[in-house]
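What follows is a set of notes on a single structure, which appears directly below.
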């Protein structure tokens, strides 16, 4: 067959079929190459808007980093481990989006996908997903905020985070390079769904236990209200997550009619993750004296309040005695 060019004059979703009805050709293998190009470049119409979206999200994370990193460097001595974790998530997100944008730009101009840029993008994306989930788990567990350590959970957290990275890396590589069979893809997607379920139930169970612990201590009213507001945000995010899954299934089932909005499926997850990270940065920003949420500061405040209560009791006891009251008070202190 000689090369043939087909000119498309109307926007739509097109499919090329190669068929034959000759029984003598049964089992024949046909090899060929098709080249598709739009007016703006080689990107498919259903994913072309993603290049601009990745660029927009990269700028959004850059702005967040411009606000966050100077404060983090300024107050790093007075900060907590949570701030370092947030900084890592912001940095990995910027690297991921930079490689995603460069990969799409190269594909749009040349017509072939850059393997190295795609591998780096998938690697940073997997690391960002694992770090984000570990951040939520540490935050809802009250690590460094409500209790000084969670030594019994740290190995399990690291193990689950490592599994999340491996599964996400395998799934992302298979989706970009098509190196797995349909059964293999199904197994990876099922593993990812199980992983997400484990993280979700652990995060909400930790959040529930943290709220109960804060309700018992009457001195933690400000911290309790902060966690209540975060719980509302987290529940809202989960509801949006579940609702978007149904939207994603509907779009994929109606792809022939809704192909122009297919790019919104991955875009929504990036917007949701960014919004949640912004909320965390607003709720727990680096400050000079983070007594609103720092565990050590809370213990010092409780110690000072106990001393004040004891002084009040001793003062009342000293008023009842006339001679030697001050000596008795000093000895009791």
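Glycine is treated like the rest: Cβ placed from N, Cα and C.
Here TrEMBL flags 49-290 as domain 'GOST seven transmembrane'.
Same-chain residues lying 6 or more positions outside the transmembrane segment (53-73) and placing a CB less than 8 Å from one of its CB atoms are 79, 83-84, 86-87, 90-91, 93-94, 97-98, 100-101, 104, 263, 267, 270-271, 274, 277-278, 281, 285-287. Per TrEMBL, the feature transmembrane segment maps to 53-73 (among others).
Feature annotation from TrEMBL assigns transmembrane segment to 85-107 (among others).
Here the transmembrane segment (127-146) has Cβ contacts under 8 Å with residues 80-82, 85-86, 88-89, 92-93, 96, 153, 157-158, 160-162, 164-165, 168, 199, 202-204, 206-207, 209-210, 213-214, 220, 223, 230, 234, 273, 276-277, 280, 284, 293-295 of the same chain, all six or more residues outside its ends. TrEMBL lists 127-146 (among others) with the feature transmembrane segment.
The transmembrane segment annotation in TrEMBL covers 158-177 (among others).
Residues or ranges marked as transmembrane segment in TrEMBL: 189-208 (among others).
The transmembrane segment annotation in TrEMBL covers 229-247 (among others).
For 267-285 (among others), the entry in TrEMBL reads transmembrane segment.
Distant neighbours of the transmembrane segment (158-177): 113, 118-119, 122-123, 125-127, 129-131, 133-134, 184-185, 188-189, 191-192, 195, 198-199, 202; these residues of the same chain sit at least 6 beyond its ends, with a Cβ under 8 Å from one of its Cβ atoms.
For the transmembrane segment (85-107), the partner stretch with the highest count of Cβ pairs under 8 angstroms, out of 189-208, 229-247, 267-285, is 267-285. Listed by sequence, the residues of this chain that lie at least six past the ends of the transmembrane segment (267-285) yet keep a Cβ under 8 A from its Cβ atoms are 50, 53, 57, 60-61, 64, 67-68, 71, 80, 82-83, 86, 89-90, 93, 97, 132, 135-136, 139, 145, 226, 229-230, 233-234, 237, 240-241, 244, 293.
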